[in-house]
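Visitor: Residues annotated as region 'Disordered' in TrEMBL: 1-54, 431-453. Among the features that TrEMBL reports, compositional bias 'Acidic residues' is placed at 24-54. The domain 'Deacetylase sirtuin-type' annotation in TrEMBL covers 103-401. What TrEMBL records for H249 is active site, proton acceptor. According to TrEMBL, the Zn(2+) binding site annotation covers C257, C270, C296, C299.
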Amino acid sequence: NSQIWMEVNPLTDDNQIMESEPAAADDEFDSVDGDEKEDGKEEDGGDGDDQEEEALDEVDDADLMAMLARAAMAQGISLDWIMEQARHEGDGDDSESPVEYPFETMPTDLEGVAQFIQSDRCKRVLILAGAGMSVASGIPDFRSADGLYATLQANSLTATTSQREAIREDPSFALDEHLFLENPLPLLETKRDFILGTYEQRWKATLAHRFVELLHSKTGKLVRLYTQNIDGLEDQCTQIPEEKVIPVHGTMDRAECGRCKQRSSFPQFCQKVRSDIKDITGKDDSAPEVSVPPRCSNCGYPALRPAIVLFRSSLPKVFFENVGPDVKDVDLLIVIGTSLKVAPANSLVWRVPKSAMRLLVNRETVGEHLGLDFDDGKRDFFGAGNCDDVLLDLMEHLGWLPELEPLLADQKLPQSCADLLHERLVKLKGSGGNEASTADSTEDTEPTTSSDG
Ligand code: OAD
């Protein structure tokens, strides 16, 4: 147990990707999803905070330094550099000092949020995105009722009985680094359709992605988009410079050996996946009945996989290098379509300055365990609903709808987003609203007819 605690404590949060709720069971693979883990903790007789304090108390300073040094070495980062970042992050964030918010009054609706974004007082905007941002494009998220984890059939995977049992109990175990090195097939079979869909460019960037693009091109205030998504859909937004995006869990644009790390051609890897990995969705008649994992041409092990971050492995160096400076002086953090269950990506929520406004755009409230508080009215605002709807409203208040219109003619939006935008433009024209000029020019614009999403 203590090892699991150590893996999720704030130090290793920075090094290994973990669900932010610690597992309580004796067997580390006995844990299920975040809620059940929480239940488990309570059964253990205590409130999570007390437990965490106790667990951290058990680790003395020498142990902490040793862990930090190991984490730094694993990333090729100097310990001095990490200590420097830690010092900067603490700057000006003394809990006793009064908080000076960048807004005059805390916005209470999206119109107010738009006014804050456009005001001179809002200079730096950071975005954290998750799977909900791509749902409208047709890619399911992980933890919703129709998400990957709830729909994954452990029995359909090529695995031992105990591996299947572990995946049944915690579906995220299918995406676990240690399991992959033991048996690569659960990962490859779970991700087959997604790997091939990415390769075929089956999905289109959503209105939520377009919001990020316009935020950058219209205001220049975007510090960075930290995305947990590996679909690379933000790349379709050509106005977002590459360096503005940090894919914290990697991207699907290359393949590598999970063992020796040798890079491999992504198209060739995809061909192997298509011809040698069975299709657990039952959609591809041409898929084989039995899976054979592709081998690395360098070390010969059957460990080829997309170069994405798996659970219990390290995040890319670019995350550690940028997160400290990026959170500094942020005025607004926008969190889009994520359950905030996975560390360390979710740490942005508490890393931004105490004065920063935090806007959550999601179907339900999340992140209370990280300090988000939508009731006290101080600095957290909840934009409830599908992110494309909410962000379209926000973009309307910002006066950005004219910039979206060409996406309809160019068929660059997923169908549901195209319909949403088209409807909005028609409505605005009908009401003679402040987008009248846009509406005029969209008179003949029909929604796209592509059948994605
Ligand atoms: P989750 O599936 O955990 O959370 C998605 C969140 O988005 C949920 O709160 C949904 O309710 C919400 N949501 C879904 N569709 C939405 C929509 N159209 N508009 C607004 N909200 C919507 O996905 P992530 O938080 O991204 O890691 O998951 C984090 C990480 O856990 C992933 O990167 C992945 C996963 O296991 C790895 O695979 C390593």
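Cβ from N, Cα, C; glycine included.
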Visitor: May I ask which residues of the same chain, at least 6 positions away in sequence, place their Cβ under 8 angstroms from the Cβ of C270 (Zn(2+) binding site)?
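Guide: Those within reach of C270 (Zn(2+) binding site), by Cβ under 8 Å and sequence separation of 6 or more, are I195, L196, Y199, A255.
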Visitor: Same-chain residues six or more away whose CB lies under 8 A from the CB of the residue listed as 'active site, proton acceptor'?
Guide: I17, Q228, N229, I230, I308, V309, L315, A345
Visitor: For a Cβ distance below 6 Å to any atom of ligand 1, name the recorded positions from H249, C257, C270, C296, C299 that qualify, or say none.
Guide: H249
Visitor: Taking the Cβ of C299 (Zn(2+) binding site) as reference, which residues of that chain separated by at least 6 in sequence fall under 8 Å from it?
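Guide: Once residues fewer than 6 apart are set aside, C299 (Zn(2+) binding site) is near C257, R259, C260, Q262.
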Visitor: For C296 (Zn(2+) binding site), what residues in its own chain, 6 or more apart in sequence, show a Cβ-Cβ distance under 8 Å?
Guide: C257, R259, C260, Q262, S264, P302, A303, L304
Visitor: Under a three-state reduction of DSSP output, how is C299 (Zn(2+) binding site) classified: helix, strand, or coil?
Guide: coil
Visitor: Determine the Cβ neighbour count for C257 (Zn(2+) binding site): the number of other Cβ atoms within 10 Å of its Cβ.
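Guide: By my count, 22.
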Visitor: Sort H249 (active site, proton acceptor) into helix, strand or coil using the DSSP assignment.
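Guide: Coil, per DSSP.
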